[in-house]
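Annotated in TrEMBL:
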REPEAT    378-411  repeat 'TPR'
REPEAT    420-453  repeat 'TPR'
REPEAT    462-495  repeat 'TPR'
REPEAT    546-579  repeat 'TPR'
REPEAT    632-665  repeat 'TPR'
DOMAIN    943-1003  domain 'Caspase family p20'
Amino acid sequence: DSDKLQLYLCDDLKRKFSFFLQRLNTTKSNKPVSVYGIFYYFDRMKRHMFIRLRCIQSLQKKREFSFQIITKIQLEQKKNERNLWIFFASVISHLANMSFRAFVCIENKISEVTFASLSLKSLGDKVKELINNRTDLKAENPFNFKIVDINDQSIDNDQKLRSAFDTDPVCFFVHFIDRNNDKEMKYPNDEKRDIENIELDQNKPWNEANKVAHTIVEQMVEKKRNGIVIVSTSLDQLARPNDRWFFQNIPFTMMINSHKYMKEKKVISPYVVYSFHSENITFDNVTIDGCVYVIDCVINGIGHFHITQHLIHTRQSVIHYTFQQHVFTVLLPIDSNKFMKSGIDLYEKSNFDEAISLIRFALCVRLQTRSDPDIDIAHAFYWLGKVYNEKGEFDKSIEYHKKALTIRLDKLEPDHIDIGESYNMLGIAHDNKREYDKALEFYQKTLVIWSKKLDSSHSDVADSYNNLGRVYYMKAEYDKAYKHHKKALDIYSKKSDENQIKVAICHCHLGNVHYRKGEYTKSIECHKKHSKISLGQLGKDHTNIAASFNNLGNSYFEAGEYEISIAYHEQALDILLKKFDERHAFVAISLNELGLVWIKGKMQINKAKEYVDKALEILNDDKNNSFDLELAKSYDVLGLILEKSEKYEEAIQYFEKSLEIRAKNLNDNDPYIGWSFHYLASVFKNKNDLNKSIEYGEKALKLRLNKLDHDHPHVGESYILLGDIYLARGNKTKAKKCYENAFGVFNTRFGEQHQKTVRVRLILEKVNEVWLSILFYFQQAYIIVDETKELIKLKDLTFEELIQQIYSCLNLQCLEKMQQENLKFELVDMSDNIINSDEAVQQSFMMEKPSFKILWKSIISEKYKIIKNALVVMIAISKYTDKKKYDDLSNVKDEDVKNFKQLFEQELNYTFVTNESPQMTEKDVRSFLTKFTAKYKLHDNTHKYDGLIMIICGHGENGNMLVTSDGKSLSIDGIRESFGCDILESFNDLPKIFIIDVCRGKNIPTAQATTRTRGKTQKKGNVQSLGHSGDGFLTIWSTISGYQVADFSLLSKCMKSVVISKYKSGCPFKQILDDVRRETRKSKNGEWYCVEAQDTTSYDIVFVARKKS
């Protein structure tokens, strides 16, 4: 009686024998089990237990004895207990002396190991011993490994190790771990075919194989055959010979390729369809990489049994196995409509992943049982697109909606209502991706169909108008947005009882349009209507009410009613804190709005900082960047706080961060970008950098005049700021004009008594007093340029500040003169003493009225060469085929190309050539260079270029190699050599600049490559080996030091800004390069960068912009 057995064993014997007792106690489950070589099966009808002792070699000779004892015990039921004890004692004796045997596979080489104790440490020691004896291993750190079993389950404790010995044979696989990134090193055949991630309609072999399977299943049902049909990759590697120990219930692995059981085998590469006939099938430690169809059959399992796709069975089938991993199980015959309905129900309950699983299965069945795509298949694609849209996976949503649309256009009339719905969903997905032009196109197609097929008062038509209104709103086309939202409201209002919430939403949309148009009174009126209806329909704590209160708070803020604004924002925050976690992004939105009112309206730093710090803490946790624009607003508030605290440099950094986010997420002319320009203009004014202040102030005004009405309040704000800047520069006439324009705007919008109007009127009345106070605040001096005397003002009395003020005095004629005549200026005082330091400036200001004059100096000499008409070629590789080895470098495409193009093509007006595709194979690069040389006739220099500039951006490898998109390497030195004097003799005496900006991990340039040489006089390093045998080559290396990290585009960004700011003064390029290096190091990620130069020129280079034709 096994329930009453009491055995006292040592730990190892307990481990070994406990499984035997465990399985013995569960024999009534009618499941055959294999434990340490003891395989037995209990036949309930005959009351016999058959036992086979497989892996224990010392017991194989007593095989018959063991059978006789167990059979006799079962027949006599509990009468011969002594014999049972004898058998157990025999088994224990042999188990105690038994050694465990297994096979270990290391990099495709299999070795047999034995160990006395079944512990992970023993196995690990054996593996290390095998590794020590191997000299051919590829792994960098061979003792950093993990062990998995035949089912790819990690063996990381003794329990899992014991479970692994349920298989026969016992086999372990060793996977090495890369110590640099902790990723497992995979070897051939490690991974199964990924059926799930292949799009169902594109995997034709899979669909065809399952169609064949369905046909075989129907035939077996019709002929009343029992068994299974399998669609999977080949099962041949699982097949085992029958060793004749099994007289019934043969394990599945012994059925494979057995004519008695396997009746059909059809290859539809890379899949195979198998048919097995048997009333009982026992899967023994196998994973079926595909589908299993069960027809009136009993299914059992030994050890680990798994099906990667679907288990589809008839109602009469019996599944006697509990799967350790989830297996999608379905009854035959399959009703795809039922699965579609269940999936849609789950979608309505926001269970998106479960919905996708069911709808995908319904689609799978339809694709595999129908000869051509039909409307039902389009319906499944449509719903998959709809679910993915709600999940926020908009690219997948677009993909599925396009598939649905393609089928519907083929099967239905072009104006069918369902085609309109497909257009509508494509519009929504593109809208969510902020691709507003594409969204507009689909929404307009939707409106055409729905207006034609539905009644003009149908709510779907109103929805279409609302969608169009939203897109026009996001495109800052506010008059069109108003028109469409108003049409939607008119339709909803005809059946207002049915559409109360939609009427409220229309009022909300119209309120937002009025807000953007600067019509704050009308905006407040609309948002109050929205809140009134929503309160009646939804209750006071609904999130729509919070949104309405936030909108009211914004409108009152712009109208200058700050107390009322704060009250509404606080009410909104209270509601959101009740409905969401305090760290929810919607809470951060309210905190941002409160921070903005407190700093910009109430001018209270502490209060504003309290709110914005909380908002930032929440938004910084947003891993999906879904609330980037709110993060930009947080940066604005922080910038305003720092500006008010006179921390101008820090403020600038936050305003620039905000601008960067908006530029990435919005159209170039979006009014919110105007605010970024406005804030930067303000902080540069307070920093007394008036040139940059005017630059940003005029950008803000230009954008606002382009997108907003000319009497919009934000236009008035720009005029006030520009007035302040011009007044600070001493241009009272321009300042007064700006103030007058601001007064006209505010008087028109708000009336004479509004605080903004009154403020500007007071400025105009006191402009002379303000002017005098500015003169008193700044130190004054005069600058004489070509006999013209200009007044300048300095605050800090530094040489840099003086130079900036002088540049502001140079008119267009002066700048053209510098370019055309290759001049630079020298600054001297009235006694012709050179002014070139802070001390010299401060000494000059000891005089009562200091004056300075500009002397023009030629920069043409033997030590300088001028570039006026350069040819610039750029190789920019940003996409790579092997994503595991090389990440795509999006910044190369999005930033580097743009920055270098703005510098050389737009600013300097040089000829700029680059590859069109972000992908370039080795062959593509060679072809590109050959065609480039021929097209621009470089061997003869027909176009009379006076300089050649080559830029290379992409991944690199040690040895100064450029990695192409196909993973191959090209020698950078070789590319450079192809433009050397020996090959391009026409460029022999012309400047050549080579800019190498690659992401190369530890590969910073070697000492030889970074050595600065001047012509042929410097002997250090072999200059010829770098691909140039003569004078005239300047190579700039920018690489990333330390471990490989993303490309930050710092070189292109800094080079653009520094060159543009310096070249007009005739500043030599090598001096500019020093400034580029310093600017790079100051940047946030600059510590990763190493910018060096290898110089074989005997002169310096000066850039001059080419005259525009």
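Each Cβ is built from the backbone N, Cα and C atoms, and glycine gets one as well.
All annotation found in TrEMBL is predicted automatically rather than curated by experts.
Owing to the predicted nature of the structure, the values given are computational and were not obtained by experimental measurement.
Sequence-distant contacts of the repeat 'TPR' (378-411), counting only residues of its own chain at least 6 positions beyond either end whose CB sits under 8 Å from a CB of the stretch, comprise 201, 340, 343-344, 347, 350, 352, 355-356, 359-360, 362-363, 366, 418-419, 421-423, 425-426, 428-430, 432-433, 624, 626. Residues 508, 511-512, 515, 518, 520-521, 523-524, 527-528, 530-531, 534, 540, 586-587, 589-591, 593-594, 596-598, 600-602, 713, 750, 754-756 of the same chain lie 6+ residues outside the repeat 'TPR' (546-579) yet bring a C-beta within less than 8 angstroms of a C-beta in it. Model confidence over the repeat 'TPR' (546-579) is summarised by a mean pLDDT of 92.
With DSSP states grouped into helix (H, G, I), strand (E, B) and coil, the repeat 'TPR' (420-453) comes out at 31 helix, 0 strand, 3 coil. According to DSSP, the secondary structure content of the repeat 'TPR' (546-579) in residues is 31 helix, 0 strand, 3 coil.
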